[in-house]
Amino acid sequence: MRLLEGKRFLVTGVANRWSIAWSVATAIVREGGLVTFSYQGETQLTNIQKMLGELPSKETPLLIPLDVQSDSSVEEAVRQAESGGRRYDGLVHSIAFAKREELDGAFLDTSRDGFLLAQEVSAYSLVLLCRAFSGLLNDGASIVAMTYLGSERVVPHYNVMGAAKASLEASVRYLAFDLGQRSIRVNALSAGPVKTASGRAIKGFTDMQKAVSGQAPLKKSLTTEDVGDVTVCLLSDLFRAVSGELIHVDMGYHALGMVLPLEQG
């Protein structure tokens, strides 16, 4: 039997076919799972609708509007998500945002508004969605939040997002404690740099990606499909004893302290 046979998941953060969340959804369906997508704005809705034909799903996925900066929008999303008596076996959080200007200069120059916006959308949204959708989650469900190494180490131009992702990861641990009473697992997946719209917003992203793939122990470029496959494992019962954890999916790059030129000959 496939890993997620008959289970249903809410997937957030699909902007286009290059999104990590889209590869996650594709992997979920491949393993027998059912998907409900959230979207924000007509552009995201149109993009998802165009791609639905690529999903060999047993049912047409439900699409629900969701703006994590609006409590009323979240409440309406919950009402739509439970239509038809739907219940869920997991949630994938892949929502993040920062003003572009906050990623260009020095972290020292981060504005108050820019800092609070990044925290609200990228970190608090996980707490908000876990609370709002907890009534729709089956006991034993799994929640996975996408993060990045810039929360643990200094990455040039990641700036305010580094602080936001650090907050997200701390939230994962506290949510794992609160929801553990229902055997609901909460984990974070730290993906290496992959070609997504949000990744390209970071100055020097292409050079960063080349450096990581060349220096990582596995010497390979990471793909969104790699991230999707590991996410499926976290959502499945194979990881039933793992919660509050940070899983790195970056070809081993996070383990490095220093990289020296390889000896020739």
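Don't overthink the numbers, they just go from 1 along the chain as shown.
Every residue gets a Cβ built from N, Cα and C, even glycine.
Small disclaimer: the values here were computed from a predicted structure and weren't measured.
Pulled from TrEMBL:
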{"type": "ACT_SITE", "residues": "Y148", "note": "active site, proton acceptor"}
{"type": "ACT_SITE", "residues": "Y158", "note": "active site, proton acceptor"}
{"type": "BINDING", "residues": "G13, S19, I20, Q40, D67, V68, I95, K165, V194, K195, T196, A197, S198", "note": "NAD(+) binding site"}
{"type": "BINDING", "residues": "A98", "note": "substrate binding site"}
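Projection of TrEMBL feature records onto the structure.
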{"residue": "G13", "record": "NAD(+) binding site", "contacts (Cβ under 8 Å, 6+ apart)": "S19, I20, A21, S38, V92, H93, S94, I95, A96, M146"}
{"residue": "D67", "record": "NAD(+) binding site", "contacts (Cβ under 8 Å, 6+ apart)": "Q40, S73, V74"}
{"residue": "A98", "record": "substrate binding site", "contacts (Cβ under 8 Å, 6+ apart)": "G114, L117, A118, S122, N159, V160, M161, A164"}
{"residue": "Y148", "record": "active site, proton acceptor", "contacts (Cβ under 8 Å, 6+ apart)": "V155, Y158, M161, K165, S190, A191, P193"}
{"residue": "V194", "record": "NAD(+) binding site", "contacts (Cβ under 8 Å, 6+ apart)": "I20, Q209, L222, T223, T224, V227"}
{"residue": "T196", "record": "NAD(+) binding site", "contacts (Cβ under 8 Å, 6+ apart)": "A15, W18, S19, I20, T224"}
Fewest other C-beta atoms within 10 angstroms, as judged across I20, I95, which are the binding-site residues: I95
Y148 (active site, proton acceptor) - helix vs strand vs coil (DSSP): coil
